[in-house]
Amino acid sequence: MAISKLIPTLVLFVLFSFDVSVAHPGLGFGWGSNSPIGGSFYSNLYPQFYQFSCPQADEIVMTVLEKAIAKEPRMAASLLRLHFHDCFVQGCDASILLDDSATIRSEKNAGPNKNSVRGFQVIDEIKAKLEQACPQTVSCADILALAARGSTILSGGPSWELPLGRRDSRTASLNGANTNIPAPNSTIQNLLTMFQRKGLNEEDLVSLSGGHTIGVARCTTFKQRLYNQNGNNQPDETLERSYYYGLRSICPPTGGDNNISPLDLASPARFDNTYFKLLLWGKGLLTSDEVLLTGNVGKTGALVKAYAEDERLFFQQFAKSMVNMGNIQPLTGFNGEIRKSCHVIN
């Protein structure tokens, strides 16, 4: 009798004990439904995460990006940078998108981000369209990763197979944003240390710095190089002379801190390897660019020369390094949430 009573219970247990990776993507879980064989969605990101739960996700992202970048080519670099600044602070969790609230001190107000990071309205537009198509399925963290890849492609750069499945944080770290994002005047050792803390190596540092092949920087980030690089009221002697005088016309000794200069003066809206060629010619804009060549630590200088000579090599490593960066401490499984709106927690 006891056994016969137990049988229905066992049947129900078997019927409902299926792999949660095929669960419905709604209810804020954002689950995909095509987990790799032998893998687990708790610990792994994988490119097919939205194959069944939101197959049109990338198409939606690219449609918004095409319009935004056509309207303002600089936006591509802004979105690439937004992903970088997110991942270096408590992982790739979209914490950078959160606004101030009763419980959140926004990373947007940190020194490296304030009046600097941008592209939030593009992310919001992508999120709104994804919410219409696939409610509470695609995370803001994944939107940042998809937007970074799409921006690179639309600027003429490489594509890569992008692991997905990140979830969104319920917290932000203002202090982390102030201490974990490399400064534009960083030494080569500072850069290497900060990247190593995130599990990234020299190849990652140099290739990801190559993202500066697009975009601009404000005068305040490079003024020191022009007027007082070593505390002696003298310019950085590594600057090529004509480039130096051109920068002085953009960035006077006093005022003009928000004036901008392209990071790659030759092809500022095209993703190519010209950035590395310019470094060899003394035309890198930021100290953190120039020290990749002149820092005399490890093999960064050799990598600069290699990427300057071989654009394909740079593209291949950049793609690998973007995946590496995108894998920094993602929230997966039941950690975090899928935000309905990227700038507030649910």
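Placed from the backbone N, Cα and C atoms, the Cβ positions cover glycine too.
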Cys92: disulphide-linked cysteine among Cys54, Cys87 [source: Swiss-Prot]: Cys87
Selected residue, Swiss-Prot feature N-linked glycosylation site, from candidates Asn185, Asn259: Asn185
Cys134 - recorded disulfide partner, Swiss-Prot, among Cys54, Cys219: Cys54
Same-site residue for Ca(2+) 2 (record: Swiss-Prot; known: Asp264, Ser267, Asp272; options: Thr187, Thr193, Thr213, Thr332): Thr213
Ca(2+) 1 site shell beyond Asp86, Val89, Gly91, Asp93, Ser95, criterion: Cβ within 8 Å of Cβ centroid: Cys87, Phe88, Gln90, Cys92, Ala94, Ile96, Glu107, Ala141, Ser169, Ala172, Ser173, Gln329
Packing count at Asn185 (N-linked glycosylation site) (other Cβ atoms within 10 Å of its Cβ): 15
C-alpha spacing of Asn185 (N-linked glycosylation site) relative to Gly91 (Ca(2+) 1 binding site), in angstrom: 23
For Asp93 (Ca(2+) 1 binding site), the number of other Cβ atoms found within 10 Å of its own Cβ: 28
Distance from Val89 (Ca(2+) 1 binding site) back to Asn185 (N-linked glycosylation site), taken between C-alpha atoms, in Å: 19
Local backbone state of Val89 (Ca(2+) 1 binding site), from DSSP in three classes: coil
